[in-house]
């Protein structure tokens, strides 16, 4: 008879690819032997099949439990992949709809949109950016609407986390408190119809951090926070020595009448703090140096100790801490993924064989984990995992599910040449293009052309420079030489795209880099055709020369590190923007409407703020204000660059209060830490790339960038994975007959985590042994999560004795949770 695994279960909505049919000539008793070794959180609320007297109902409930186990196992794998805490796992079938809504991509986008709008409201609120200002009622209503959307996420999370899980999840709990606070403030704004002092707006970026698409930013932020203790120790040491030298400087130089930098202990500390940034050196020294030449010893010793020793030591501490955190993060994710695999595995095996996973249940689970794949791809993944060739996946093999699930499968004939299925004579032409695209001398020729292009641009630029020609009025007419170079670059790109295939070309980092440079060069040539009307496109000319970086291994390592780091550098950039946003909001609240014109008369920075007859006398520092969010960002960037930052600080100290220095000095310390972490991050990634290449004896780390796997299928296996009526079985794998005629190749790009696990293979072996040693503790923790009172627990207990009579245990094994897998 034909059995539909999904059946008529009203609880699960199945896609066509998830609806898998199997044919069986066995009796109902044989099908009932296929009982799950363990019932998951969702299936606990489904009536026990063994407690049902009606044969049809019993079979339906069994299928429902399997489908819920498939879905729950897929959720466990997703939680392991996303590094989600397992205590946030849905605890019952009733929690599943809320969990699915909270993890829906449309809901992710809505949550992201609301978080971004709340942040951007700073441009419309007081003090607003010109042309973006909105009435209080409008921006207040928008804020309340966005906060309600963000609170919708909390309501859905509360549905499936319940009270204790909601409180235990600190990030969610903090978001709830923050939304409640901001809702009260927005109501006050709407009632009063005016903006009030609101520094809490500086916490709005936390909503962005909470979104799904900012997981990378959240991980970087968490890593920064975890590395703070040793960094704070170094900062305290830095400030401690600064205080000692401040006291010493006060006693040495306070008596010098012309020296105002050390008149008080406060001014002494501030002067040395600024001196640490070298922004006021040697000005801070000259008055004392004029009094005594030996006073320079004080400043030399101070800068040598603080700037060249402790500051570099701080960078070393940051790098060491960050490197250790990288390895510990890899270790933590390694354990977390394995635990997720263990959770999923226990839900997929049967009581008849609780140590091996069959093809049928593996494909049933993959229909939820990767719903866009075909049944053929699922079977190829199963066969790639089953290295023991037993037809049943063991747990040790199942641990590789994440790596195998990233593979894209194609017939090997299609992989070797993407145009192999083209008709004659196109297949011959594309085969020739493939040979030409892989010909090594083609790259050598292109390098020669690039070198010639470099010399031509250099000579032309030197000629224009020596003639003293005004560049803006120079007629950059496109020459035949320029067109020739661009044509060669374009022909090379076309040959490689048509010869190797678009997918292969555009998925390789260096080829994509070459294409972008070529595209920019083509745009530049077309821009030159417009002559002076499109003059600024001339800046695209030098980008043609970037391809020379491929000539030397060291250059490839530099740009290769940039490619690998791009996504994480974007996360770091967002972290910096969040810090800017935080300080910009505080600056706007405290320094709003502060007029810096002529604010510093009779001070050392008077000339920077002098303003006479409606124009700046010698400087324009009065423009460094906090009048809106964008201007505040420019001011904070000037402070980040450090040069003359103390002039801005002194302006606000004189115009507002001496205590405002705390704001500027704290910003410098925070940005110093963040920028040191950025440097440490780049260094760690670059050194890792070099060490990996040396340890693996590679010319280029990109040689290991693609993970490949080849699997052969017989005619019978192809029929099984393409026919809906064919039974799913692992017998073909177990038989180990002659290799089939169908050879499939799976390819997937390795991540930084994959490279790390390969490089730290000795540590990985130790981690695996540690995980196996703690295996029983993991199993006990899993049992504690599931052994809770369910809706049908009492019913199962009442029917336990009756089940022993109606369904003997030798035919229907016990559904109790085993102590070990």
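Every residue, even glycine, has its Cβ placed from backbone N, Cα and C.
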Quiz item: Do you know which of 386-407, 408-429, 474-495, 584-605 TrEMBL annotates as transmembrane segment?
Solution: 474-495
Practice problem: Name the residue range among 72-91, 172-191, 192-211 that TrEMBL annotates as transmembrane segment. | Solution: 172-191
Quiz item: Quick one: which of 350-375, 558-583, 610-635 does TrEMBL have down as transmembrane segment?
Solution: 558-583
Practice problem: Would you mind telling me which of 294-319, 320-345, 710-735 TrEMBL tags as transmembrane segment? | Solution: 294-319
Quiz prompt | transmembrane segment according to TrEMBL, located in which of 16-33, 34-51, 52-69, 106-123 | solution = 106-123
